[in-house]
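Read the structure below first, then the notes.
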Amino acid sequence: MFPGADEYGVEVHIDDAAVDRLLAVGPDDVDEQRSSAHRTQSGDVDAPSSLSFSRNVFLPLTTACRYTCTYCTYYDVPGEATLMSLDEVRDVVQMGADAGCTEALFTFGDAPDERYTEIHRQLDEWGYDDILEYLVAACEVALDEGLLPHSNPGDLTREQFESLAPVNASMGVMLETTADVAAHAGNRRKTPGQRLNTIRAAGEEGVPFTTGILVGIGETWRDRAESLLAIRALHERYGHIQEVIVQNVVPNDRSDYERPSIETMRRVVSMARVALPEEISVQVPPNLSEAARLVDCGVDDLGGVSPVTDDYVNPEYAWPALQELADIAEESGVPLRERLPVYARYLPDEFRPSGIEAAPAPRNRETWIREPIADRLRGGDVHSERLRHVAHGDGPLSTPET
Ligand code: SF4
């Protein structure tokens, strides 16, 4: 049982033999001298047939977080933490919609605890009981201006998902690891059980979901294998995991974690590709990883890129321009396709491109997409038209099927 799992009643059992099989997975030595177009297979994994990405704006709704993970530069301490006003949210999403984005990526730490008195006072002054109620209002602004929200508000209960799901196309939280690592040490710490509980709650509520592992925070190879298999186990139960991010830690102002080597990343990505069913995308963030050297290990998604906002989670590492994504795809010999923040298989029939099979409906309703999101997709304005184009695979940077 994983640390903290008992407390949340999360039962995810991992077979030792499956871990051992995964530990044997890895890329063969790839002859870097060969033309990348001919590097179609690497050890135990196949290269993808295309690379996808979404065009987003990044909205750090608040930098307050109840935790203090040692590798994190995102959170600000009480007194310094910020809270975006809805006017600021509107300005950013309008800019994004004008620049052709489809996704409003709302990120903040876990709900601010009682130490953040100013954040709570401000929310109260604006008429909100808590940060999640405020997030709903911010998502409504994004929908109003023509973007589909994807929120990462930290750990949530099923009831909290229920209130956020109608205004989000998809949501996410990083599992990071199933291990108890010193990086999460301190009085206030998140636990693997808590994260697994959140991923389970998303599945129970039928929310298309993004999660991932963080590589290099003190976990072992066995921990990496177990983390990937735990994600798989929850997906097999609910069918809701759309992508798994394999993210390497990077040194920053607050810590000096060593960046994992490219050899380590190639092996972890290969393990992720083998561990996860084909329908789950494997993503690496190209501003933190040498993505072009990981594609042949099974990476098929490059995440969200923003033409108008910084990456506030890792501000020292600027997002590559869209052209750089095109260069990674070209170097890897595969086409680049733009996608929505919700993967195509979760879309209702009317928006799903032909050839993409629908994900079986979630257990508690007929469709994965709630009405406010479906209404935005079928609207009559230029924004809905753009969203439909991207949904159907003919967005601005997409290339025709070959
Ligand atoms: S990694 Fe997430 S949970 Fe940890 S301190 Fe940063 S924002 Fe908070």
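Keep in mind that glycine also has a Cβ here, set from the backbone N, Cα and C atoms.
From a predicted model like this one, the values you see are computed outputs, not experimental measurements.
If you check TrEMBL, you get these features:
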BINDING   CYS65, CYS69, CYS72  [4Fe-4S] cluster binding site
COMPBIAS  38-48  compositional bias 'Polar residues'
DOMAIN    51-287  domain 'Radical SAM core'
REGION    29-48  region 'Disordered'
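For CYS65 ([4Fe-4S] cluster binding site), the same-chain residues lying six or more positions away in sequence with a CB closer than 8 A to its CB are CYS72, TYR74, TYR75, ALA81, PHE108, GLY109, ASP110, PRO112, GLY154. Surrounding the centroid of the Cβ atoms of CYS65, CYS69, CYS72, where the record places [4Fe-4S] cluster, the chain contributes additional residues within 8 Å, namely TYR67, THR68, TYR71, TYR74, TYR75, GLY109. A count of other CB atoms within 10 A of each Cβ picks out CYS69 as the most crowded of the binding-site residues CYS69, CYS72. Summed and averaged per residue, pLDDT over the domain 'Radical SAM core' (51-287) gives 95.
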